[in-house]
There are 2 protein chains.
Amino acid sequence: MTQAGESDWLDAVKWDADGLVPAIAQDHQTGRILMMAWMNREALALTAAEGRAIYWSRSRGKLWRKGESSGHVQNLHEMRLDCDADVIVLQVEQLGGIACHTGRESCFYRSYKDGGWHTVDAVLKDPSEIY
Amino acid sequence: MTQAGESDWLDAVKWDADGLVPAIAQDHQTGRILMMAWMNREALALTAAEGRAIYWSRSRGKLWRKGESSGHVQNLHEMRLDCDADVIVLQVEQLGGIACHTGRESCFYRSYKDGGWHTVDAVLKDPSEIY
């Protein structure tokens, strides 16, 4: 197999103008949506190769091996691509049970009600103990 | 309450350079991730007001009342915002059980395996019968 053939699946992804694609991480057992981050081509290739979620940090402008400082690694169970080939879903096992930098299971801890966003999920671990 | 106060929750969202935010639709019962689309401020306000998913179609450059031509409306059960305030999750009831324009339940019907994306979900309804 040629090198080109091996990267066909990466070419199939419709990268945006910045060379990125959104990646949604979902708990593979509970179905809880944990977070959404971004991947560039290298991050996606490494995620598949290493079997763990590796993102591209837009704020830091570098690869973000999820869990590298917190230990909250996301082990990959399945990876899917959508019909437009511009969004990825990762089924993951969230080590430590915490995906969010606020110390919560999920980054989606604010719920809309009566014209406002309300925090409805508990902090499981003090963020200062994570980082 | 002033008009400004009523839109505080919209101001809390970090809109991107195009004035958009990604919105992930998830089946409120099964947890299946159905699709990801985009919302502008008006789409988000209308989604809350009407209790159904209304997106901004980037390709058509106009509001997209999900289900307007297919009947596959997404009734809103809950709406959440993430820690960075730049991604939204919608818990929805997917009418007709089909979110994807290909006639599948979910847009995420391709799974990664051995260096390729493989279609693993069945078409439930011929797209030509939907649109």
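Including glycine, each Cβ sits where the backbone N, Cα and C put it.
Pulled from TrEMBL:
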- A:ASP82, A:ASP84, A:ASP86: Mg(2+) binding site (BINDING)
- A:CYS83, A:CYS100, A:CYS107: Zn(2+) binding site (BINDING)
- A:35-109: domain 'Phosphoribosyl-AMP cyclohydrolase' (DOMAIN)
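A:ASP82 (Mg(2+) binding site) sits 22 Å from A:CYS107 (Zn(2+) binding site), counting Cα to Cα. Here the domain 'Phosphoribosyl-AMP cyclohydrolase' (A:35-109) has a mean pLDDT of 97 out of 100.
Between the CA atoms of A:CYS100 (Zn(2+) binding site) and A:ASP84 (Mg(2+) binding site) there is a gap of 28 Å, rounded to the nearest whole number. Note: the CA-CA distance between A:CYS107 (Zn(2+) binding site) and A:ASP86 (Mg(2+) binding site) rounds to 22 Å. If you count neighbouring Cβ atoms within 10 Å for each of the binding-site residues A:ASP82, A:ASP84, A:ASP86, the highest count belongs to A:ASP82. Sequence-distant contacts (6 or more apart, same chain, Cβ under 8 Å) of A:CYS83 (Zn(2+) binding site) do not exist in this structure. Look at the domain 'Phosphoribosyl-AMP cyclohydrolase' (A:35-109): DSSP puts its residues at 13 helix, 29 strand, 33 coil.
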